[in-house]
Amino acid sequence: MTLRVLAAMSGGVDSAVAAARAVEAGHDVTGVHMALSSNPRSYRTGARGCCTLEDSRDARRAADVIGIPFYVWDLAERFHRDVVEDFVSEYAAGRTPNPCLRCNEKIKFSALLDRALALGFDAVCTGHYARLENGVLRRGVDPAKDQSYVLAVCTPEQLAHAMFPLGDTTKADIRAEAQRRGLQVADKPDSHDICFIADGDTRRFLAERLGTAPGPIVDQDGNKVGEHDGAYAYTVGQRKGLRLGTPAPDGRPRYVLDISPVTNTVTVGPREALDVTEIVGERPVWLSEPPSGPLSCQVQLRAHGEVHDCVAEMVDDTMRIRLARPARGVAAGQAAVLYDGDRVLGSSTIASTVRAAV
Amino acid sequence: MTYLDHAATTPMLPEAIAAMTEQLGALGNPSSLHAVGRRARRVVEESREIIAEAFDARPSEVVFTSGGTEADNLAVKGVYWARRAADPNRTRVLAGAVEHHAVLDAVRWLAEHQGAEVEWLPVDELGRVSPDTLRAALDKADDVALVTVMWANNEVGTVQPIAELAAVAREHGVPFHTDAVQAAGQLPVSFAASGVQALTLSGHKLGGPMGVGALLLAKGIDPVPVLHGGGQERDVRSGTLDTPAIAGFAAAVQVATARREEEARRLAGLRDALIKAVRTAVPDAVLNGDPENRLPGNAHFSFPGCEGDALLMLLDAREIECSTGSACSAGVSQPSHVLLAMGADPARARGSLRFSLGHTSTEEDVAALADAIGPVVERARRAGLSA
């Protein structure tokens, strides 16, 4: 069946090949580059970005080669509000957000999709490495590139209008295919990190927006062992950059255990104290039938993180996830994505964790 | 295909293609002193005479440039520099608020980098600069380097009272520049009668090739060059003259000005039919610009509740080509400074489309738009103003 497909084209190789594959599948495809900054120069430049003038030009050129109409849509306001400001306020609240995931949920498969549907399109196609068939979302076959984690926050309704043509292919093969198709972006480096932080310095980006708020770094007994310029700059499980004046009595490295925005305190402790046995997730999304009781499955707790056996259960509006073995470095604000093998079952946003008794 | 974007560029006239093609195969740098150089020089000078005659200027007043943007930059920056060099107090620039970016950004650059004081001359809700406004601005300042106001607006088509404005500037002894890129070929443009000292022309807006234009410069107005080099054009503009493009430009000017009156009447008829058709299909569409004094080929509307980009895309999918008429940055439309200066709110400014007619436009073009615009606006309204 021929669908009217809107191909989101970032200017990178993946979305270009995805658009080309949608055309080859017989769909009526239009390319759209999302302008996410009202001043394109203010975001990353060169190889690292996804929002620069160069990226817009690369996307346009790819659309020319593929032979599809191309437009730039200005989604800067929505992106700023729903992704950038959310990112800052999440850190301010002591959590560790994943902006790519938020962008999929709020921009690509919300703002962009809604507008596309209203204008008569049937689906939005992206270059994500994930497989989607009959509403079933699976990991992409390239384990290094799999992006099912950052898509798992999308609802079944959102995914019903999504198209991911790259999930069955490895990145290396996509680059080779781009070369064969004559796409100039075939050799373009992958984008990394966070597209809206121009120099990659997240701490400074946050400091410019949240100001400095000096406070204590304490150990588990509440003894002050150092100082910080803002609790928001820390992530649970972080070891580097703590600049602790007082060494641990046993001389072992210490990790961020907790961030309390209310008391502006960062708590540090030994690695074992990071062990988490249970996770409470909010805003649950089910891509499969919501379970009526405990569900044995696997969970992934951060992008490209390891997979843990678990039992998940709905308790009122929250998702309770008991881990078979303790996991470390579990940060509130990240997504807990449930899998059955390579199939995504559902997700929730980590609200709190239960630590193992040390 | 229904091409309703002649203000962006209009098809080359067959006479211009023939004249240009003939020169593409011919050898000669017009600045060379030998026979082939003289041959090329003759083509350039004949072209200069044709253009001068068409716009009621002297041949020596025609300075060829690479197009309208270069001519605007030369006039604005060059005259500013020359006037300031003659008297260091002259740092004020008076410019229309609805100028094309080639003037607007050149003026802004002077303000940001060359110490210019800019006064933007406000426009009324139809986009007109009043001679009284200019008079008031000139009466209270004795440090004005130049005044620049476009002849006709590229977005909304409003025609300015150029002769009156130029007369006010002349009373105050201040040089007056006008960007006549959209006016030339559509309106009667007389350099001599207008009283302006500098006037910008572009080749491809009137049926000539892209990449060529001219600045008509009155005797005694000697802008400081923007491009330095061989001094080919009156020592004001350097660069090897593009003989084929100049020949094509002159051929287009000759044809366009000869047919102007008849063609303007024809276009105005088509335009009025287009305006009527759009209003019938979309009763709440707002016609922007001056309903009386507007370019014969221009119709510019705001469609309440629509995003101009969405309208453009939906029309494009039906092979109807038009423009949102506003400038782009990375392809992102900004709300038009022209509409904002005319008092439109940003939503109305963003929901606008320009339909511009030209020498190849027909009744079928108008009919195609009449059929499409209703459903397209309805669809775009569903998508709303912002995503």
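Here the Cβ of each residue, glycine as well, is placed from N, Cα and C on the backbone.
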Site co-member for ATP according to TrEMBL, given A:ALA8, A:MET9, A:SER10, A:GLY11, A:GLY12, A:VAL13, A:ASP14, A:SER15, A:MET34, out of A:GLY127, A:GLY135, A:GLY140:
A:GLY127
Euclidean distance between Cα atoms of A:HIS128 (site 'Interaction with tRNA') and A:SER10 (ATP binding site), Å:
11
Please give the greatest C-alpha separation between any two of the ATP-binding residues A:ALA8, A:MET9, A:SER10, A:GLY11, A:GLY12, A:VAL13, A:ASP14, A:SER15, A:MET34, A:GLY127, in angstrom, as a whole number.
15
For the domain 'tRNA-specific 2-thiouridylase MnmA-like central' (A:204-269), what's the mean pLDDT in this predicted model?
89
What's the CA-CA gap between A:CYS195 (active site, cysteine persulfide intermediate) and A:ALA8 (ATP binding site) in angstrom, rounded?
16
Can you name the recorded positions among A:GLY12, A:ASP14, A:MET34, A:CYS103 whose CA is within 10 A of the CA of A:HIS128 (site 'Interaction with tRNA')?
A:ASP14
Near the Cβ of A:HIS128 (site 'Interaction with tRNA'), how many other Cβ atoms are there if near means within 10 Å?
27
Calculate the distance in Å between the alpha carbons (Cα) of A:GLY12 (ATP binding site) and A:CYS103 (active site, nucleophile), and round it to a whole number.
17
Near the Cβ of A:CYS103 (active site, nucleophile), how many other Cβ atoms are there if near means within 10 Å?
27
